[in-house]
């Protein structure tokens, strides 16, 4: 219970060990008496402590019982006090209830009395109001009825919970009967004032009808709708007679007269009946909307009947006048009444912006400028919505095939005119100062496309836009093939590459068929035009997607047309590469036919290098200046030329055999000269020196470095053979026996020497760069010819043996 450090208190106390700790040696027994006295003293102290504790516990039980009895007495006294307090609280509560009982009764009586008085007042007002309502209805006092009826209806709502009382139910029925009577009476008054047959009553509207409209606002909404319907029908009855289907003015060429008639009618209505109907009825707008519905139905019917007479100019004239009228309605009215009928087309406004505003800004430019960034996004909220768009012009949509066919014909004629103009005017003149010029026909085509797109978006944003997109796709492809690809200069080489005769010209100075300066400029111009067409076609696709309905966006895809222009660009670049490549072929052929084993000293660069550099300096500046506006395609030209020229140069190097040491040094000098020229190719002949693109530099360095390594291997002595083979593997890292065979041919070794060299080469192939001796011993463990034929198989075999 109480922690102690005394060894005597430990549970595993051992007397022998304890005595041994007290007397570890014989000499320590000398003070045994002193130890015994200490232990005896300790025993006496413990006895005294025990005796004191035992005596102190004799009276504890008696004291505890006494304390418990005192606590019980205190609890009994406390319980008695709590009971007294509870009794007094109950008495107080009962006293308060008796005091407030009378006050509650008075409160209930007051509330009930107030409710009764209010109900009686309402009942009195209802009864008197019903009597007055019936009397005023008979006297047609609509001005007083309008205010009274609304009050009676409001009062009657308070009696909804009392409808079980016969008298209340009777009053409610009388109110309903009065409302029905008022409705029929007002309709009769309007029928009398504006009969369906005959002319209007002279003298204009009366105050009675104006007050009747106020009453109709309180009555069933069907009464109001019936009044509006009958009035508008009577107001437009003259229109249906004047513009019947068999009348001359009903045809599209006189569509202006329809809109002029409704303008006069709206002005006449404002003067005569503007104050008769409440302002919130928007009667002027309702008349205009109903006129639009009727006109759309009549025009659709007459166009179905006389579909063969519809011409493009007539159709566009009618559509233009109609859209102008719809724009006028949008400026004059808010379109709040369109929600009442079925004329509201929620799918029309979202995909299209206001065509008039766009047309005003769009027709000023000669080309489509559409940014794919966020620059065009803020334009959408700035354009006001036209709720009346398509309310009449929708009827022309089934006949827009006439417009589409016309655009097909016009575009066909436009393409033919472009072809004829190109043949008549010839290729564009070289324009070195300003770069390759885009063909003017390209801008003309896209300006016409934009005009058609804007015009069609005004007519419809549905299927006609899809049909127009198909027409656009057709003539984009025709432009690409007839104007661009069709006018690319034809090469004298076959489609698979250069002709063999051009490679076997004996004289170094002999010229192959090259493109003239005009032809090079034409190719660059066609390339620039194709690049412009590609970018503008992508923009055209985005603009078409903005114009068309959201449900049809997925059907607009001009990827095929952009691919077509990409093909034209690729073909143009390939023509430029082939031309320069073919111009360099005679020089490379001359290089391969030189007697390199007879070269006695290393001089300046060889004539064939000078010839190659001359052709590069003739062509590349012209191409660069004409592609100044499309630098990325000039970079592609440089990369493709390097990828074509360098492998061809290496192949001609292999044909230079045999080569002496001095000949190899001369070739190495020539190779370095060509390497420096190729590295400087993008800016050769230019006053402004630009750093060549990194991708192009990597290709040139890699390819020409390989050519230099080939020549360094040729220059190396072939004795001893092992050193020569290892040097070859280190410099070229080429495991092909064919390449090694070509190197041996260039050195002019005999066939017997080549055979031993090839065997040694095959043995040295799997040697890893870390250990030559270990690798040679491992190579001897692979004697089969199948494994020796491939380095990969050898490595696999080594890995298997190690595992």
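Just so you know, glycine gets a Cβ as well, placed from its N, Cα and C.
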Per TrEMBL, the range holding coiled coil, considering 68-109, 110-151: 68-109
Per TrEMBL record, range annotated region 'Disordered' [choices 272-294, 295-317, 318-340, 341-363]: 341-363
Segment confidence, the domain 'Vps53 C-terminal' (665-749), expressed as mean pLDDT: 85
Residue counts (helix, strand, coil, in that order) that DSSP gives for the domain 'Vps53 C-terminal' (665-749): 63 helix, 0 strand, 22 coil
